[in-house]
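Among the features that Swiss-Prot reports, domain 'ATP-grasp' is placed at 9-254. Summarising the annotation, Swiss-Prot assigns ATP binding site to 46, 53, 54, 55, 109, 112, 117. Residues or ranges marked as Mg(2+) binding site in Swiss-Prot: 209, 223. What Swiss-Prot records for 274, 331, 332, 333 is substrate binding site, and it gives sequence analysis as the kind of evidence.
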């Protein structure tokens, strides 16, 4: 789960991280009073969406102006006008895709005198099963660009959970960032605070880009992006309260309410599978035979007829889907239950695209019989390879 920048900064402030004072604006008529509560003489007006690249982004609507989603104002009135221009408009960045995201919140904060821009992130390293620090002197730009053009400017290391975080980790970050004197001490404390927030709040990723050195020599968190482990949200009620469902894919949101693991992709063949490994294998074989999967969808091991029906509704709500492949290996899940769910779903949604079903495992013969006697136009797949070839042929011709 992701949160907005202003929420991330409030959270980090509660852990002692140095951040600028700011106000969130939900309505245009709130902007002037919000900016007036801040000191100035410079105000930064930021569009709040769950995507990076806001500063370099462009709004679809001409009324929003030609600049991106991060703008500078030199007066309270100008800050209010900029907020009014951006609220309700659609911001397109390299992370939103061409559709963009509607800006429903604006964050106005005090400007900062910047001497240097740095990069600091914490993330879960799947390879080592540890929390890793990623730091670079090249802050203020996409870390992917730095990794591609000047990888030597990125330093990363992990923290052994057995011994935990120590001061030397903070000093290592400070020296990698070229800090010196009192800045090193500041950095050590900041690293401690960020690490504690990361662990206590079950974060998956904490990115500060940029972390700035101000002209007075002090450090400040200028932008923050935080992602949380969905599997740990049950014990993070305060984090759950920060969730903004308007920023989430409607299909993924609907799937989460039925405990379906769904991720939207860009292809044309919808997939419904039980088990993450089998789902990935199904997507791979679709690509092998020349097509692209439209989604990852794992219905899990205990799917009911209602759950299968909901899965079909989610898949067919994607206008890019030209065909559907159902691939079920019945272990805990019975193939006859899946078959009943498929029939009910096809009848309810009025399926207009080709459907290939491959069943194997518990009660497979019952499942195949239910589908065969349904009178519906469902193509049977003998095995995974056969099913994949049939759906690709049905879609591609």
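Placed from the backbone N, Cα and C atoms, the Cβ positions cover glycine too.
The structure displayed is predicted, hence computed values, not measured ones.
The maximum pairwise C-alpha distance among 274, 331, 332, 333, the residues recorded as binding substrate, is 10 Å. A 10 Å cutoff on Cβ-Cβ distances gives residue 274 (substrate binding site) a total of 24 other Cβ atoms nearby, all chains included.
In the shown protein chains, 17 other C-beta atoms lie within 10 A of the C-beta of residue 117 (ATP binding site). Close to residue 209 (Mg(2+) binding site) in the fold, though at least 6 residues off in sequence, lie 119, 120, 121, 139, 140, 143, 223, 225, each with a CB less than 8 Å from its CB. The binding-site residues 55, 331 differ in how many other CB atoms lie within 10 Å of their CB, and the one with the most is 55. Cα of residue 109 (ATP binding site) to Cα of residue 332 (substrate binding site): a distance of 53 Å. Taken together, the residues in the domain 'ATP-grasp' (9-254) have a mean pLDDT of 94 on the 0 to 100 scale.
The two recorded residues, residue 117 (ATP binding site) and residue 333 (substrate binding site), show a Cα separation of 53 Å.
Residue 117 (ATP binding site) carries a strand DSSP state (E or B).
Cα of residue 331 (substrate binding site) to Cα of residue 112 (ATP binding site): a distance of 59 Å. Binding residues for ATP (46, 53, 54, 55, 109, 112, 117) extend across at most 20 Å, taking the greatest CA-CA distance. Comparing the Cα of residue 112 (ATP binding site) with the Cα of every entry in 274, 332, 333, these being the binding-site residues, the smallest distance points to 274. Scoring each of the binding-site residues (46, 54) by how many neighbouring Cβ atoms lie within 10 Å, the top position goes to 46. Comparing local CB density within 10 A for the binding-site residues 332, 333, the maximum falls on 333.
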